[in-house]
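Engineer: After the structure tokens below, expect a handful of questions from me.
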Amino acid sequence: MGCKMNAAVSIWRRLSLFVLVSSLCSCPCRAEDSAMENIVTEKKAEESHRQDSADLLVFILLLTLTILTIWLFKHRRFRFLHETGLAMIYGLLVGVVLRYAIHVPSDMNNVTLSCNVNASPATLLVNVSGKFYEYTLKGEISANDVDDIQDNEMLRKVTFDPEVFFNILLPPIIFHAGYSLKQRHFFRNLGSILAYAFVGTVVSCFIIGLFMYGCVMLMKQIGHMGGDFFFTDCLFFGAIVSATDPVTVLAIFNELQVDADLYALLFGESVLNDAVAVVLSSSIVAYQPEGDNTHTFEAMAMLKSFGIFLGVFSGSFALGVATGVVTALISFNFTKLRDFPLLETALFFLMSWSTFLLAEACGFTGVVAVLFCGMTQAHYTFNNLSPESQDRTKQLFELLNFLAENFIFSYMGLTLFTFHNHVFNPIFIVGAFLAVFLGRAVNIYPLSFLLNLGRRNKISSNFQHMMMFAGLRGAMTFALSIRDTATYARQMMFSTTLLVVFFTVWICGGGTTQMLGLFNIGPDGVERRSTKHESAWFFRIWYNFDHNYLKPILTHSGPPLNATLPACCGPLARCLTSPQAYENEEQLKDSDSDLILNDGDITLSYGDVTVSTDAAGAHTSGTPVGGVAVNSDEALDRELAFGDHELVIRGTRLVLPMDDSEPPLPLDSHRHRHKNETMS
């Protein structure tokens, strides 16, 4: 008999855990009873619909209240609390009301039956007097909550499936980060950003993981551990809390027009380290040593996880870029969709969102894919859109980002009281706060020291302190932690993560203005210089290839291909170059032109001063009419850093823009004064 039962359980598991439970009731089924049951079922369905509508209305009202309060804060110029922190407070208040102030009367029709099975079936088919009813698994409840099943059901109604965050709320946030990226400052600090995002995040993950493993060992020694907690769990916690989201700090930076390089370092790091944290956490989960003990150290298993990390990241990167290129090449460059802005915007939106889902369906990471898709779309596709679609796509994704981000932070506050399986351990919580700040410090200070060895524009100590303080945790950390709360370890991680996010958003985010004053980081920023020698050789090569070949194919910008390809490729060049490219041949539409100085003959003219460089990089400088001699290196750096100036490269005249936040140099006014005296 035992063998038959085991065989039956095995069959049930193979058939998606469908279990048939037959009722012992043998009451006769009559037409009147059947009609009454149908009425009751319809009534319950209507009540459920109303409850769902009320639950969604709660979140809509939360967002509405947040928006109105944001307007008040902006009107009064309050900077001590950002909109995300405000959304969390409102979520907390609603969570308290739902948890303790609202009670649903018990339903006398609810019946608790016992059925001994060896697994938790995902779906139950219950046979009641010949009628089959389907029940789905919603989760485990403790024995103490059996009598409060109605209240628990109400709280579950306002608890969303974690996949909702990954498939619906996260894509517009991540895409908007890539689509709104300021490429000039991002690429000017690309090496430092990559160091912080990749090396720093991995180092932070292991520092936090090792520190938390020590805390776990201490908890086991004193008997404060209620379940299994392995070293891989500690590393997973280190990966998810290493994802920074300084949205509060960046909003204040933007409002105060703080140094653009500091903004680029923080924003670029947060964008890329979200992607690194996602792939790193999935690689840690994939760590599976051979043998019975799956939590021992094994070199081959670690190398396999490292290979998974590289494979998933590179695959997601390639998929995101490919989707962006395909969108620019097929959907916009060789069609007349720009004549129909509504269709153009709709296709752009769907292609961008499908990148995330395609990556997830292929086993890659949608966060990485949609991030680089957004960057590719901004670099290529945006130039092909009609003016109406350019405005629409910017506003659309900005709106979706705003709503999704505030929704997530509101939901964070709500889940502190509506989530049933919280595990709060004081030792783990205190250890987590110490580990987070220690991991951030090890990320920022040693890497900044090493980076300054090769940077001409040094990352000052005040900037480093501000970057250390601005390591807030936010939407990505929350989404990674709530995705799996099935085990004791994951439940403790989720509860602790909520507290870490609350603290960093409220305390660190709220103190940003004060810290800027303490570190003497004013709104005028620090003098920034960008020269040929500061541009990475790889990026210079990429820029030339992109400008001469990719831009003419994928956009209407850049020189026609028949001007860059050999003469034998003339027919192919004419086929691949759009007609608009010929029309715009004299107008260079290149947002990166102020980043790179190409090797070769370069002439820089500003006022009465001419600075030239040859292929070897040597500089020569002319003397202004007014008689003011200027050192060539100093002149070149000054002209690249400040002011409107013209750059002549191989016969192409470029007008390089000036940032509004950059003050004029005293030397500039001196030159203009001599120029005016000479003209008069």
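Glycine is treated like the rest: Cβ placed from N, Cα and C.
Just so you know, TrEMBL annotations never went through curation; they're auto-generated.
Quick paste from TrEMBL:
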- 670-680: compositional bias 'Basic residues' (COMPBIAS)
- 66-516: domain 'Cation/H+ exchanger transmembrane' (DOMAIN)
- 657-680: region 'Disordered' (REGION)
- 1-31: signal peptide (SIGNAL)
- 55-73: transmembrane segment (TRANSMEM)
- 85-102: transmembrane segment (TRANSMEM)
- 164-181: transmembrane segment (TRANSMEM)
- 193-219: transmembrane segment (TRANSMEM)
- 308-334: transmembrane segment (TRANSMEM)
- 346-375: transmembrane segment (TRANSMEM)
- 396-417: transmembrane segment (TRANSMEM)
- 423-442: transmembrane segment (TRANSMEM)
- 488-508: transmembrane segment (TRANSMEM)
Engineer: Restricting to the same chain and to residues at least six past its boundaries, which positions have a Cβ under 8 Å from a Cβ of the transmembrane segment (193-219)?
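Structural biologist: Apart from its flanks, the transmembrane segment (193-219) reaches 186, 225, 229, 231, 234-239, 241-243, 264-265, 268-269, 271-273, 275-277, 280, 425, 427-428, 431-432, 434-436, 438-440, 442-444, 447, 450-451.
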Engineer: Take the C-beta pairs under 8 A between the transmembrane segment (396-417) and each of 164-181, 308-334, 346-375, 488-508. Which stretch has the highest count?
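Structural biologist: By the under-8 Å Cβ criterion, the transmembrane segment (396-417) pairs most with 164-181.
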Engineer: Sequence-remote contacts (6 or more beyond its ends) of the transmembrane segment (85-102), Cβ cut-off under 8 Å?
Structural biologist: 58, 62-63, 65-66, 69-70, 73, 151, 154-155, 158, 248, 406-407, 409-418, 501-502, 505-506, 509-510
Engineer: Six or more residues out from either end of the transmembrane segment (423-442), which same-chain residues have a Cβ under 8 Å from its Cβ atoms?
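Structural biologist: Result: 203-205, 207-208, 211-212, 214-216, 218-219, 224, 226, 237-238, 241-242, 468, 471, 473, 488, 491-492, 495-496, 499-500, 503.
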Engineer: Grab the same-chain neighbours of the transmembrane segment (488-508) for me: Cβ-Cβ under 8 Å, and only residues 6 or more beyond its ends, written as numbers and ranges.
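Structural biologist: For the transmembrane segment (488-508), the sequence-distant neighbours (Cβ-Cβ under 8 Å, at least 6 residues beyond its ends) are 81-82, 84-85, 88, 226-230, 233, 236-237, 240-241, 248-249, 409, 412, 415-416, 419, 421-425, 428-429, 432-433, 436, 469-474, 477-478, 481-482.
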